[in-house]
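**Student:** TrEMBL lists 136-190 with the feature coiled coil. If you look up TrEMBL, you'll see 7-51 marked as compositional bias 'Low complexity'. According to TrEMBL, the domain 'VPS37 C-terminal' annotation covers 147-227. Among the features that TrEMBL reports, region 'Disordered' is placed at 1-60.
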Amino acid sequence: MFNRLWGSQDQQQPQPRPQDGSSQTQSWYPPSVSAVSSPSSSRPATPNASSFGLHSSSHVPPSEAAGVIAVLKDKSVDELRKLLSDKDAYHQFLHSLDQVKIQNNLKDELHKENMQLVEENLQKEPRIVELRNQCRIIRTTELAAAQEKLNELEKQKEEMLKLNSPASLLQRIQEAMNVTEEESENLHQQLLDREIDLAGFLQKYKKLRTAYHRKSLIHLAAKTSNI
């Protein structure tokens, strides 16, 4: 690309080797970049994308790399040599690129947004502390009382389930049958002892025996069912 810029002047001319003790400019660039401005040549070698850090491994989009190369094409040989030897000049040129300006603006915006989020979070911290204290109070007072009430209700539930279990119901029916049977025998004894007349005995005895047989049928049906 830069062959059109320098033309035939890109060919390096041999120069005499410097005498011992002569000073050479030390470049802060890596060898791949410093080689471009080697003092052994009268002009810098043909620059390319990799000379200014635009390697393919740096993940620079081709369009951005082409834009940087387009800017470099308009610079003179002395300006290019200064970019390769002067760190401040290189950074000044780098930060003047539109792509770098865009990235810096994005970085500043993200930093500003992050600072705003930090400030908002710090402003919410007292409210968070207050809510935590309220939760602690609820957990140690209201929650404890609610847990005790829940345990009591669970206990009542277990007692009711146990009381109304099939086995318990059968037992209660059997106990009711035994009580009715005992009342019938007591009434019969009263008749024998002439403590009750025959008409009163028949009326009460009929009711007791009817209740007894009803309970007996319920008990038998419950035992033979799938309850």
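Glycine is treated like the rest: Cβ placed from N, Cα and C.
Any TrEMBL annotation is an automated prediction that lacks curation.
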**Student:** Can you tell me how the residues of the domain 'VPS37 C-terminal' (147-227) break down into helix, strand and coil by DSSP?
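**Tutor:** So the counts come to 71 helix, 0 strand, 10 coil.
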**Student:** In the predicted model, what is the mean pLDDT computed over the domain 'VPS37 C-terminal' (147-227)?
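**Tutor:** The predicted confidence over the domain 'VPS37 C-terminal' (147-227), as a mean pLDDT, is 88.
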